[in-house]
Amino acid sequence: MSDYKKTLHLPVTKFPMKANLTQKEPEMLKRWEQTDAYRIMYSTGATKEPFVLHDGPPYANGNIHLGHALNKIIKDIIIKSRNMQGHPSQYVPGWDCHGLPIEHKVEQQLGEKKKTLPAHAVRRECRKYATKYLDIQRKEFKRLGVMGQWDNPYLTMTPAYEAATARELVRFMEKGSVVRSKKPIYWCCSCETALAEAEVEYHDHTSPSIFVRFPMPDARVAEILGTDPASTSIVIWTTTPWTIPDNMAVAVHPEFEYAVVKNDGQHYVLAAELAASCAETFGWENPQTVRTVTGAALEGLVARHPIYNRESPVVLADYVTLDSGTGCVHTAPGHGREDYETGLRYGLEIYSPMNDEGRFLDSVEFFAGLNVFEANPKVIEKLAELGNLLAQAKIKHSYPHCWRCKQPVIFRATTQWFISMEANGLREKALKAIRNDVDWIPAWGEERIYSMVENRPDWCISRQRLWGVPIIALLCESCDEAWYDTEWAAGIVEKFANHPTGCDYWFETDLSQIVPEGLVCPKCGGTHWAKVKDILDVWFDSGTSFAAVVEQREECSFPADMYLEGSDQHRGWFHSSLLASVGTRGIPPYKAVLTHGYVVDGEGRKMSKSIGNGIAPQEIIDKYGAEILRMWVSSADYREDVRISEEILSRLVDAYRRIRNTCRYLLGNLSDLSAADLLPVGQLESLDRFALDIAMRAHKRVQAAYNDYEFHKVYHTLHNLCVSDLSAFYLDILKDRLYSSKADSKERRSAQTAVYHILMLLIRDMAPVLSFTAEEVYSYIPEALRPEAVTVFALREDDIPPMEMPAAEREDWEAFLAVRAEVTKAMEPVRKSGEIGHPLDAHVTLFMDDALAAKLKATGADLRACFIVSKVTVAPLAQAPEQAYTSEELNGLRISIAKAPGQKCERCWIWSEELGSSSEHPSLCPRCTGVLCA
């Protein structure tokens with residue numbers, strides 16, 4: 001018996017079956033650098049409009065986490081896919097380098113030493129810290145296979161960037177939008193600074209809940225309420241007892257009904273709808289409602305503060321609700337936005353007598369020196385002592401906490417710098433831009449940011465810290481009046497731009513060189529000045545990146561095509577960027593905003609140290625390779641929260657292996673093919689043209705998915721193409737033709753041509769996601785076949801020949817696929833019975849009606865080869881024997897399966913009745929004999 005296996009054209013390739021990604025990926029990164037693959041990618045075949053994706057800067061603090069990886073990989077997929085579609089697109093990564101987290105870390109490192117160091121020395125340490133971590137993060141991002149201008153990123157701490165940020169402040173000043181005033185803002189007593197809404201997180205917190213009576217000695221009580229003022233009180237409810245010392249009024253709703261409830265000789269005013277529940281809370285045994293009045297009737301009555309001998313008038317406010325409490329709201333204008341607005345309306349004092357640590361000043365009787373949370377029990381104790389505490393309890397509720405130190409924050413009125421939302425119509429313009437000028441992806445993002453902008457207060461842009469861009473203004477030391485002049489401020493900005501460390505100039509330079517000569521305070525005539533010590537909100541820093549980067553870098557153009565970050569940035573970077581741009585340019589800085597969800601564990605829980613369910617990107621890279629992380633990003637709909645677990649990663653590894661093995665098989669069948677051997681698509685065998693049609697339509701679906709940012713569709717389309725359309729169908733059929741036919745025969749070259757085009761489509765579609773693997777596959781394409789492009793990322797759509805079938809021809813092939821599926825079903829019981837083993841042992845007879853037979857004939861397919869059997873006979877439906885399989889899916893089809901006649905060819909394993917046509921090869925079929933004797 002001859003060893004005919006050696007005569008078969010089995011797949012040959014050096015492309016390894018085992019990916020060995022953890023070792024191979026670093027080698028590929030070096031290769032990309034050596035070949036300048038990134039530059040080649042964006043400069044090759046740039047025939048369409050450029051696409052600008054502007055990077056939201058991550059914070060230069062700590063190692064990257066999976067949220068960073070998700071974000072950067074999505075951006076990389078977009079940049080690569082846009083370039084490969086002919087849209088030149090560069091990626092300019094950035095880092096947010098200023099702000100509280102870095103300053104905190106530096107304070108911890110410096111300890112007591114910080115108190116003796118000048119501001120610029122502390123800032124120098126902050127700069128070093130930020131530089132250290134941006135270098136660490138840069139390496140980690142590059143390891144993910146993300147391409148970009150890594151050697152020329154934008155940093156918010158460079159002189160040029162700091163000057164650009166300060167310049168935007170001056171623009172707002174020129175428009176009259178910048179104001180300095182005393183308003184309640186979020187305040188962190190631990191960090192001793194104002195906080196933006198985006199810097200506040202909500203966590204469960206247990207607070208004291210108290211009901212307090214305010215005596216109403218006003219003589220008009222007798223007339224309006226019909227009660228003795230000496231026995232009448234108005235009742236409030238609060239969960240912040242520490243604000244009671246700062247109470248200035250009690251607010252009621254003008255349209256609500258308020259009851260005067262008598263109990264045990266005393267009269268209490270509260271909302272009629274809540275009277276019964278309050279009476280139960282207070283333990284009143286026999287309450288009686290003696291009168292009801294509207295809230296409007298109560299306006300102007302004067303209550304007495306429950307602790308101090310001062311007045312607390314009754315005022316009206318539409319924000320009062322009946323959801324809980326008493327319908328009468330304790331009002332402290334120094335500790336709440338609505339309270340503040342009510343205070344302005346009624347001329348109440350904006351009273352907030354505490355220092356930056358949140359401790360009451362010495363002027364506050366009974367509570368001096370206590371911080372707000374220490375004061376809570378003391379206030380309750382004092383109220384009880386004075387007989388004004390009606391009830392107390394504990395309540396667990398969602399409460400604002402500092403994003404950095406995780407401590408509860410307070411609302412506190414302090415003198416801060418604001419950008420007015422009403423001056424120059426900023427709110428109205430921003431809302432109009434949200435509706436008309438931006439594509440929000442997903443669409444729900446539009447309503448989210450719209451409601452935030454619609455309801456937000458003025459933008460507090462000042463922070464009481466060191467590490468940031470200073471607010472360019474002076475303070476009169478005599479009267480605390482602020483002064484700035486836009487021409488003077490613009491001159492300071494240029495100093496920042498030309499200073500080696502940017503706005504360190506403000507902190508290093510002597511005051512005499514900052515203050516204009518002879519400057520006199522316009523308010524008091526004072527001549528002694530101090531620099532403003534506050535710095536700009538870091539959200540103003542990053543929010544002006546459009547001015548520092550998008551408008552300045554030659555790789556970019558304003559407005560950017562896209563901003564892309566996590567969904568929390570509707571109140572963060574998207575928000576501040578929108579206000580900064582609309583406020584100075586009149587238009588948003590972006591045409592589209594795309595958001596992704598958070599990374600959660602396999603059960604949908606947030607990653608948490610306390611749960612211990614966190615996974616670092618490096619762990620996954622070390623175990624599986626970055627390619628699996630990239631595949632994970634593309635496998636899920638990132639617009640929702642994205643799950644990750646060992647089980648999910650294991651499934652992805654299996655899917656990756658199937659895609660890789662498909663690529664390897666395709667490569668293996670190209671080893672003896674050159675570009676000159678490729679046949680025109682129109683001359684290919686019908687099955688090969690159908691396979692190309694399948695691959696081309698998959699390619700178009702993939703490209704549409706890239707355009708629509710639906711990368712999960714890319715993953716599923718590619719996986720299904722490899723597993724179902726190729727491995728389980730086309731390549732399975734093709735084996736006989738590729739292995740057994742004459743090497744240079746037309747039928748084999750037809751198959752190889754199709755395999756080549758399918759592989760080229762596949763690696764094009766893979767490259768934005770499976771970048772390492774696509775490049776590796778491309779490098780293993782035989783040199784005689786490989787295009788001139790140095791990198792897979794230089795391949796373009798223009799290089800693809802037309803490969804789609806006419807619709808009518810495709811319909812015939814789809815009918816064939818349906819028949820093939822029925823043949824497989826019909827064969828199952830015959831194989832189970834042992835009558836035949838391998839499908840090649842079978843003789844299939846198709847009994848079909850004329851219409852179905854005509855469709856199969858129209859395909860021109862070799863049915864024997866396509867069904868992977870040894871013989872196929874087609875007969876009229878009427879001739880079908882009674883025992884023939886009847887298709888439930890296709891009308892007009894019955895199938896008989898029998899053992900193939902003849903003997904099995906030793907070379908191709910197909911059964912033939914014509915074995916032994918050559919005495920030299922007596923065990924071969926005529927086709928195999930012809931191949932060997934040619």
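Counting starts with 1 at the first residue shown.
Note: Cβ is positioned from N, Cα and C throughout, glycine not excepted.
As stated in Swiss-Prot, the feature motif ''KMSKS' region' covers range 606-610 out of the listed 356-360, 606-610, 716-720, 926-930.
Of all ranges given (14-24, 58-68, 102-112, 795-805), Swiss-Prot attaches the label motif ''HIGH' region' to 58-68. Other C-beta atoms found within 10 angstroms of the C-beta of C905 (Zn(2+) binding site) number 24, with every protein chain shown included. Nearest by CA distance to E565 (L-isoleucyl-5'-AMP binding site), out of the binding-site residues C905, C908, C928, is C908. Summarised by DSSP class, the composition of the motif ''HIGH' region' (58-68) is 3 helix, 1 strand, 7 coil. Cβ atoms within 8 Å of the centroid of the Cβ atoms of C905, C908, C925, C928 (the Zn(2+) site) belong to the same-chain residues S740, E906, R907, W909, I910, S912, L915, L924, P926, R927, T929, site residues excluded. The average pLDDT the prediction assigns to the motif ''HIGH' region' (58-68) is 93.
Listed in sequence order, Y4, S740, C905, R907, C908, H921 are the same-chain residues six or more apart from C928 (Zn(2+) binding site) with CB atoms under 8 A from its CB. Counting only residues at least six positions away in the same chain, the Cβ atoms of C905, R907, C908, I910, S912, E914, L915 sit under 8 Å from the Cβ of C925 (Zn(2+) binding site). Under DSSP, C905 (Zn(2+) binding site) is assigned to coil, being neither helix nor strand in the three-state scheme. The secondary structure of C925 (Zn(2+) binding site), as reduced to three states from DSSP, is coil rather than helix or strand.
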